[in-house]
């Protein structure tokens with residue numbers, strides 16, 4: 001019996017939300033169909049779970065993840081690499097709408113990268129040198145994999161209650177846990193808020209890539225990515241686009257390799273990360289709710 005393509009998990013989740021989701025008003029004013037609590041699992045051993053039923057912005061996945069790893073909170077730094085997915089949240093008008101009038105344009109506050117690399121440090125703007133401040137959760141996980149791989153405390157948390165009011169956008173993907181078994185590294189992500197149309201395909205790829213990168217620098221092989229969703233939702237203005245996507249049959253996933261041996265997570269460059277045999281359907285335009 002032929003094994004079902006892993007992408008069908010995502011498509012089935014979308015279909016279930018469209019058929020059974022509860023209509024909810026939301027902070028963006030767009031409105032969503034929503035289901036609470038979903039999970040999917042993607043093997044990272046032979047191929048890489050970049051969805052094929054629409055083209056996913058792979059370069060954006062890579063550049064954003066490297067930006068997180070650098071601990072950056074500057075949307076203009078990401079934009080300089082040609083990736084503009086955070087521009088709206090760092091705009092002057094958006095920051096003013098949040099009451100962050102003194103915040104420099106592009107300064108997103110203590111968002112993902114800051115929490116990953118400087119958890120607990122006092123946020124003092126994007127130009128401050130945070131070297132040695134706070135807890136470097138990412139480095140701590142890598143060190144623990146080396147020294148105590150059976151540890152059950154390999155967690156990286158982006159949700160810092162004290163810092164949430166200072167963030168242009170509180171984290172949607174809030175908690176990841178890493179797990180080593182039989183020489184394989186796996187990751188489970190808890191995502192409190194899951195935009196099925198735009199965010200989730202990106203998040204699957206991003207945390208799968210992070211898992212592969214950490215496995216590479218710790219001399220393990222990638223195992224599995226498990227994606228647990230809290231509020232899984234479809235924006236009402238994405239319904240038609242996702243209905244079209246559901247008509248498409250998944251194609252084989254691409255494969256991932258690294259161009260060289262990289263010793264430290266901080267040493268990865270975009271051209272070290274090579275995606276091969278990605279043959280998706282055309283992209284489907286969906287507006288971003290801000």
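Going from the start of the chain as shown, residues are counted 1 onward.
Even glycines carry a Cβ here, placed using N, Cα and C.
According to Swiss-Prot:
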ACT_SITE  172  active site, nucleophile
BINDING   27, 152, 153, 192, 193, 194, 195, 203, 233, 234, 235  dUMP binding site
BINDING   195, 289  (6R)-5,10-methylene-5,6,7,8-tetrahydrofolate binding site
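Taking the features listed in Swiss-Prot, we show where each one sits on the structure.
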| residue | record | DSSP (3 states) |
| --- | --- | --- |
| 27 | dUMP binding site | coil |
| 153 | dUMP binding site | coil |
| 172 | active site, nucleophile | coil |
| 193 | dUMP binding site | strand |
| 233 | dUMP binding site | strand |
| 289 | (6R)-5,10-methylene-5,6,7,8-tetrahydrofolate binding site | coil |
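Proximity note: of the listed binding-site residues (153, 193, 195, 233, 235, 289), 193, 195 have a CA within 10 Å of the CA of residue 172 (active site, nucleophile), given in sequence order. Comparing the binding-site residues 27, 153, 233 on other C-beta atoms within 10 angstroms of each C-beta gives the minimum for 27. Of the recorded residues, residue 195 (dUMP binding site) and residue 289 ((6R)-5,10-methylene-5,6,7,8-tetrahydrofolate binding site) place their C-alpha atoms 10 Å from one another. The Cβ of residue 235 (dUMP binding site) lies under 8 Å from the Cβ of 28, 30, 31, 32, 195, 197, 286, 287, 289, each of these being in the same chain and 6 or more residues away along the sequence. Sequence-distant contacts of residue 193 (dUMP binding site), defined as residues of its own chain at least six apart whose C-beta falls under 8 angstroms from its C-beta, comprise 172, 230, 231, 233.
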